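Enquirer: Let me give you the structure first, and then I'll get to my questions.
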């Protein structure tokens, strides 16, 4: 294997590890909110206050709040790992095929200076490329992790009395077959692909705009010209986190109807067979409001979890990129 191949492999492995770590962290911290969202969405008559009352009535409060944390951490952790790895590969390829004009015109600025004045070391793409890359990467990750998603939702719900993940898996396999592990994938893909695509688009635009609104301190060079100084850890993390929250709020509002239908399909596949018929049934029996059940919970969780995952991931990659550049510089000496 050539040095270039080994370097590419190590970078892909690090993207996978960074995505895994950021996903697990956000999933575990925010599991109580996700649990409440599932309880609210499982039935049109289930309100937030009723869901909280059910959990408070449990013999042990903390285990009740973190019920389903293991499948959630596995799904979100490996989902983030697959997503960030595939997204990076797609964006790197897109950047080589169709680079932004600004990236090729900056001939007098070194690459290290360009990276240091930005809150991110990830490839810079057009809005369309960011949209398509995010959608494609999320669709792939969603398909691979769908069985864990079904197990997580069933385990969190009060409609099933599963005592363990193994018993849940055996029950689904016995009564629904392999198809049961992919219940709701259509609604999930329709929800997640646009969400992820729009998220990457708004996230990148947010970083760009916020970096302009809150620039780094300027420094004076030996030629008496001024330029942006290196962006520090706290400044970059603040911009990335704020951009992530804003993108998460916008995308959660747009995609919540698909999430509400998806949850019903996964919990009651016999009653809600697909996205179209499920949406019609929910609206016909409960009104349009049913499509917005759990919006506040989902919006708060998705905004914070996505922002946290992206901020941690970006910082790990920034540090790794700095190490890789330093190593490459030493090899050239």
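Numbering starts at 1 and runs along the chain as displayed.
Cβ atoms are placed via backbone N, Cα and C, with glycine included.
Copied straight from Swiss-Prot:
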- 10-93: repeat 'Solcar 1' (REPEAT)
- 16-41: transmembrane segment (TRANSMEM)
- 68-94: transmembrane segment (TRANSMEM)
- 98-126: region 'Disordered' (REGION)
- 125-209: repeat 'Solcar 2' (REPEAT)
- 131-156: transmembrane segment (TRANSMEM)
- 184-207: transmembrane segment (TRANSMEM)
- 235-319: repeat 'Solcar 3' (REPEAT)
- 239-265: transmembrane segment (TRANSMEM)
- 294-312: transmembrane segment (TRANSMEM)
Enquirer: Which stretch from 16-41, 68-94, 131-156, 294-312 shares the most C-beta pairs under 8 Å with the transmembrane segment (239-265)?
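Expert: Stretch with maximum Cβ contacts: 294-312.
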Enquirer: Same chain, outside the transmembrane segment (68-94) by at least 6, Cβ under 8 Å from its Cβ: which residues?
Expert: 12, 15-24, 26-28, 31, 34-35, 38, 122-123, 125, 129-130, 133-134, 136-138, 140-142, 144-145, 148-149, 151-152, 155-156, 165, 196, 200, 305, 309, 313
Enquirer: With DSSP as the yardstick, break the repeat 'Solcar 1' (10-93) down into helix, strand and coil residue counts.
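Expert: When I sort the residues of the repeat 'Solcar 1' (10-93) into the three classes, I find 70 helix, 0 strand, 14 coil.
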Enquirer: Cβ under 8 Å to the transmembrane segment (16-41), counting only same-chain residues 6 or more beyond its ends: which ones?
Expert: 47-48, 51-52, 54-55, 65-69, 72-73, 75-85, 153, 156-158, 259-260, 263-264, 293-294, 297-298, 300-301, 304-306, 308-313, 316-317, 320
